[in-house]
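Visitor: From Swiss-Prot, for reference:
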- Pro84, Pro85, Ala86, Arg87, Gly88, Leu89, Gly90, Ser91, Ser92, Ala93, Thr94: ATP binding site (BINDING)
Amino acid sequence: MIKIEVPATTTNFGSGFDTFGLALSLTNTFSVDFSDKYEVQIEGYSSGIPKDQKNLFIKVYKKTCQSIGKKPKPLKLIQENRVPPARGLGSSATAIVGGIEAALALHKVELPLKEKLKIAFEFEKHPDNIIPAFVGGFTVCATSESGVIFKKLPFPEDIKIVFVIPDFEVSTSEARRVLPKKVELKEAVFNVQRSALFVSALLTKDYKLLREAVRDKLHQPYREKLVPGLSEAILVSYKEGALATFLSGAGPTICSLTTENEEKIGEAIREVITKFSGYDAQVMVLKARNEGVKVYS
């Protein structure tokens, strides 16, 4: 069987809405081979994930086969889900990237990244999850008339990334619906300033700037109704020494950057989220992953 390992991703970093993405040390793994019929075996997180041809990985695999001029042959798929779905950690992106790489590996076809991205964007319109899942590391993405432009940048190795993952889901579509169609110029300027500051702080390792750099007025204030206790959790994280705290992707997961006290920060956030939402939450401490998707044959 061919094994495909795809990293989870976190995006936005507060001010970098639909722009910043980071590959993480947590992965989903997809093992595939040709078969007489489609067989899907799910391990790990499995609730709500189809075990037939409606499975996102299978749909992307079939589309990729068509794109490279190959007839989609049935697959046996073993899908090991370690990335919690619908939590703002790029679980869908892992399936999309995995499905593309599976079709290419099984048919021994190579495609440039630009062509892979064209297929991926048919399933996921926003590049901030997809691109770091392909290339790894910290990425800055921009869309243009000619396609997506991105730059991969180094992410500091001494920063630990604390995730507090509530036991409830927020779909991307739901998180998009609560956003306004228009924003005031001063709010757009607020985010432009801080997103530039964030990149500068990372590259120079001037971590004291990160707290201000992740402040946001474009999406988090509107998504707070979907994540009860978000503002309170951010405040308590700073009391425990966090460098920066924000929603991971569309949420409900909360992400905190730190160089120390990671367990205390995670537990403090977890207690606040549990108090305000009524749901428990899981704490994970991860690192940035410089590698993107890996294919083992």
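Think of each number as a place in line: the chain as shown, counted from 1.
Every residue, even glycine, has its Cβ placed from backbone N, Cα and C.
Note that the structure is predicted; figures quoted are calculated from it, not measured.
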Visitor: Neighbour count first, Cβ atoms within 10 Å, every protein chain included; then name which of Ser92, Thr94 tops the list of binding-site residues.
Guide: Thr94
Visitor: Sort out for me which one of Pro84, Gly90 has the most neighbouring CB atoms within 10 A, since those are the binding-site residues we care about.
Guide: Gly90
Visitor: Fewest neighbouring Cβ atoms within 10 Å: which of the binding-site residues Ala86, Gly88?
Guide: Ala86
Visitor: Excluding Pro84, Pro85, Ala86, Arg87, Gly88, Leu89, Gly90, Ser91, Ser92, Ala93, Thr94, which residues of the same chain place their Cβ within 8 Å of the centroid of the Cβ atoms of the recorded ATP site?
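Guide: Near the ATP site, beyond Pro84, Pro85, Ala86, Arg87, Gly88, Leu89, Gly90, Ser91, Ser92, Ala93, Thr94, sit Ala8, Val83, Gly249.
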